[in-house]
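Some notes on the structure that comes next.
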Amino acid sequence: MTQDEMKKAAGWAALEYVEKDSIVGVGTGSTVNHFIDALATMKADIDGAVSSSEASTEKMKALGIPVYDLNSVDELSVYVDGADEINAHMDMIKGGGAALTREKIVAAVADKFICIVDNTKEVDVLGEFPLPVEVIPMARSYVARQLVKLGGDPVYREGVVTDNGNVILDVYNMKIMNPKELEEQINAIVGVVTNGLFAMRGADVLLVGSPEGVKTVK
């Protein structure tokens, strides 16, 4: 199986967790795009979706899936999203697509977080993938200096503006042994909107696409 076929298998497997007549939280990225294709096959059975990015919103609307503003929704039974890295404790690094803040907000609302990945995303220790940090533009240099003090090597992601109008610093060379602690430390830096560690709110179910099929971890 190609990597994309493994992503597709994980994306379609997530349909099992979608409840009839519910509003579904939908993330962002290449694996999620396969889930959106799958979700479109049962659009008549759901009330609609809440999206974590403009890109996912556009794709769902094009497929005829109603998309709601999160502020108009009281509850979400599930949130389905991918990850750039995930460890055995269901802690993740996300934000390669720069949608981390909205992803984190939708994940916080949802009762259950279903993470869909291919098997290249499973790691023992987080940090080989650079950790994205969304930053208010005027604070970029200050935040970068603080991230260096935490042992990281921040690099400004040129030409990228988030859906919220902010910038991204990608932090390299961090072996993240305590994801929850680091998530809190970085979020406490003035000027940081949020960072791509999803440890305080990790995944509840992991669906891993592999050449052998889809593995489920709970």
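Every residue gets a Cβ built from N, Cα and C, even glycine.
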| query | For the substrate site that Swiss-Prot assigns to Thr28, Gly29, Ser30, Thr31, Asp81, Gly82, Ala83, Asp84, Lys94, Gly95, Gly96, Gly97, which of Lys59, Lys121, Lys149 is also named? | reply | Lys121
| Quick one: which residues besides Thr28, Gly29, Ser30, Thr31, Asp81, Gly82, Ala83, Asp84, Lys94, Gly95, Gly96, Gly97, Lys121 have a Cβ within 8 Å of the substrate site's Cβ centroid, in sequence order? | Gly27, Val32, Val117
| task | Rounded to the nearest Å, what's the C-alpha distance separating Thr28 (substrate binding site) and Glu103 (active site, proton acceptor)? Just drop the number here, would you? | result | 8
| Sequence gap of 6 or more, C-beta under 8 Å: which same-chain residues meet both conditions with respect to Ala83 (substrate binding site)? | Met92, Ile93, Lys94, Cys115, Val117, Lys121, Phe198, Ala203
